[in-house]
Each structure stands twice: as structure tokens, then as C-alpha cells.
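Okay, so here's the structure we're looking at.
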């Protein structure tokens, strides 16, 4: 039996502002944590005695756990209440952050990152929902604008703050800073939102669907993360993980298609616009997320950047979204959304290609940040137009499920994109390293003349060869990264074709 409650009156004055700060801070905390570790991977890996490839599990484990938690958030909120679930999520997110900061080996850190990701899943949708519920109807657009600013600002602050912490303090502080923020959120919400819980009802949890989702997505992510270390399909472990993942995902599709209470509402894919929007978001975010993890590591490994400078090199991508996003939100409905998305994808393609032909170990800081700055135009015209296209033609009662599906695929593609990018980068680096090394022999006149000059500085042939090997490694890493950037550019050009199959009008009452 559902527990019904009268709807409390909207908040006003200082109380409303304090609640806005608390809910926005929760969103900021979650978004910050999704990017703050990007520049810290070399530092964390070195401290815990792991390779850089293994260190990326710190990112992907959080992402895949976050993705799994998103589809079940709605049902949990119906069952125990939005406010109660939000407070529990903030509490355990803060506690898991504390445990991450105290981890002494990679396995423990990854375990608590998984817990942290599971607790992070409900934070964004619930903070948004609670904000709208407690604002007067005429001010809800303003509330969403304030809330959205945290979504934009946090990913900019993450790499810079993470770099500063790693260079000046212990890496554990990149997780520990969540604790005081969590305490502030809990204190304000417990005090100001008391008695404002949402209605609850004893909805059934789709345990078979959830189990298949965990096995399918979890198995896929572990397979991608461990594949390189275990030599891919020459390993029985990788084969087993692949079989389990494929069978689970196929079974999940069959189960969810026939279930009366699905975790993933696959019926949404009957809408042409939803399908095109989700495919576009998933593919675009796969390449985008891979690149934003690759860049800081590339700068640190090939150019000797410290963590904070790697973060500063990434930051310009957030300048234009900060300035343009409010304008797109206000005037975007006057423009064909396909034009905005096309502009976004073409800007992505131009910037990735620009980076692929200019990046080398000798590039200066200006050469690095210029493509990042202009890519900000692409980011600003990406999420809102594609979300609008995805939701067009859907009835109002499908919006919650559509939002859940969109966030699920976006978050999952981010983790998969990171794993695929780092795997491809490593494999191509090995190939180019061997190809470049093969040109180094006594019959190469360039090598002979260079080695004679270098011998004066290093005093021995072994010193010369060691320096040459370091140079080959730097060049191999750069060449491999540039290949990935070119691949991303091609993918975004192809996506510009896909988006034009979407059918206007792009409103809730349109026909999808």
C-alpha cells in the first residue's frame, strides 16, 4: 500500500538558498569525483606499486558501478523515499571516500571506488528532483540553471584540483575532500528538509534483471580492464568473462523486453529519435571520455608535466560551456537541434584532427590548450540538443525512464571508452616502439652520427642507448595517441550523418 503525504509548500528565502547550495554541492561532489582522479593516475599507480594501465581501473571501476546504480535509483526512491535515499547515498559516498583515501593497495582502493560509484549513482537524479520539488514552479527554470552550473564547473575543477593535491599533498586527499562536503550536505538537508519526504510505495525490485545487468556490465568491464595484462583471448579468464558477459547481456535484453517491471525500459527504443539520440550520445561520449583520460597521462609521460600542469592543460575545455550553455538553454529551441549537434560533432572532429597533426613531445603549452579551448564549443552544443532529440516524441510519463536510460548509457560508455582507449594506446605504442627500434642499427647513418655526438655527453654506449630508448618511447606514445585522435575525428564525422535521421519537431508532443 502506498504511503501518501500532502505536498509541502515550496521553500522560500534563505532556507531555499541553503537547500540549493546543499543539493548543488552534492552534485558538485559527484561530478568532481568523476574527473579529479584523471590526472592522478600516474601518482596513485606509482604509490601503490601498480602499472598505469592498472591505475585506470580507479576510473573505470567507479564509472561502471555508477552506471549500474542509475537504473535502480527510481525504484529505490519509490520504495524508501527520495530524501531518505539521497541522505543514505551521501553518507556512504562520504564514508567510501574516506576509505579510498586510506587504501594501501590497489585492490582495496578499487573495492571502495566501486562502493563510491554505487553510492554516486543516485546523487545527480535525486538532487535534481529534490531541488525541483522544493522550488516554486515559476522559479524552477532558474533552479535548473543554478544546478546545471555545478555540472559544468565540477569537471573543470576536477583535474586542476587533483593535480594541485597530488603535487602538494598526499594523493589520498583527492578522495578525502569529499568528507567535509558530505558533512555539509547532510547537515543542511537533515535540518532544512525535515518532514519533506516524498511519497513511497512497496514497488518490487527486479532482482533477475539487476543480477543480469551486474553480470553483463561488470563482466564486460573487467574483461576490458584485464584483457591486456592477460593477453586477451589467449587467457581462459578473458574467455570466461566474455562468455558470461555476452550471455548475461543477451538474457538481460530478453528478460527486460518481457518484464512488467523492467530496470531498463527497452520499449523506448521504439522511438526513432530516442534511438538516434542514445546511439549518438553513447558513441560520442565513448571517444570523448577516452580522450580526456588519455590527455593528462600523455602529457605526464611524454612531456614531463606534473599533475597540476596536466590539469591546467585540460581546463580550457570548460570555458566556453560555462559561457554558452545558458544561452543554448534559453534560445536553443529556436534552432533545429540537428544543426547544433552537427556543429558540435564537426567541432569535435576538427579539434581531434588538429590535435592529431600538431601533438608531439616538443609542442608548447599554447599548442596544447588551443584545441582544448575550441573543443569547448563542441561540448556546449552537445548534451542539451542530443537530450532534447532523445526525449522528443515521448509522453511525459516516459521522461523519468528515458533520463535513466540516457544517463546509464552515457556513464557506461565513459568507462568502456576509457578502457578501450588505454588498451589501444598501449598496443599501438608497443607496435610503434618495435618498428622504430628496428631502424636503430649500425647501418643507419643517422644513428651512427647521433650516437657519436651523444657519446660525448653520456660517456658510454649504454647511456646513449638508454637515452635513445626513452626518445623512442616518447615518440611511440605520441604517434599512438595521434592515431586515436584521428580515429575520434573520423567517428564524429560519421555521427553527423546519423543525427540527420532524427525526425522533427523536437518537442514532447512530436512524433518520434
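From the backbone N, Cα and C atoms, a Cβ is placed for every residue, glycine too.
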Inset, instruction - Please indicate whether the topological domain of residue 83 in Swiss-Prot carries the same name as that of residue 331, placing both on the same side of the membrane. - result: yes
Inset, instruction - When you get a sec, could you say which of 339-359, 402-422 is annotated transmembrane segment by Swiss-Prot? - result: 339-359
Legend entry - transmembrane segment range according to Swiss-Prot, out of 54-74, 432-452: 54-74
Inset, instruction - May I ask you to check whether the transmembrane segment (142-162) and the transmembrane segment (31-51) make contact, with contact taken as at least three Cβ pairs under 8 Å and only pairs 6 or more apart in sequence counted? - result: yes
Inset, instruction - Six or more residues out from either end of the transmembrane segment (9-29), which same-chain residues have a Cβ under 8 Å from its Cβ atoms? - result: 86, 90, 93, 123-124, 127-128, 130-131, 134-137, 143, 146-147, 149-151, 153-154, 178, 181-182, 184-185, 188-189, 192-193
Inset, instruction - Please indicate, using numbers and ranges, the residues of the same chain that are 6 or more beyond the transmembrane segment (205-225) and have a C-beta under 8 Å from a C-beta there. - result: 56-57, 60-61, 64, 67-68, 71-72, 75-76, 79, 238, 241-242, 244-245, 248-249, 251-252, 255-256, 259, 261-264, 412, 415-416, 419-420, 423
Inset, instruction - Kindly report the helix/strand/coil residue split of the topological domain 'Periplasmic' (194-204) according to DSSP, in that order. - result: 0 helix, 1 strand, 10 coil
Inset, instruction - For the transmembrane segment (308-328), name the stretch out of 54-74, 173-193, 339-359, 365-385 with the most CB-CB pairs under 8 Å. - result: 365-385
Inset, instruction - Quickly jot the same-chain residues contacting the transmembrane segment (173-193) by Cβ under 8 Å, restricted to those at least six beyond its ends, or write none. - result: 11, 15, 18-19, 21-23, 25-26, 28-29, 32-33, 36-37, 40, 83, 86-87, 90-91, 93-94, 97-98, 100-101, 116, 130, 134, 161-162, 165-166
Inset, instruction - Among 54-74, 85-105, 339-359, 365-385, point out the range having the most Cβ pairs under 8 angstroms from the transmembrane segment (274-294). - result: 339-359
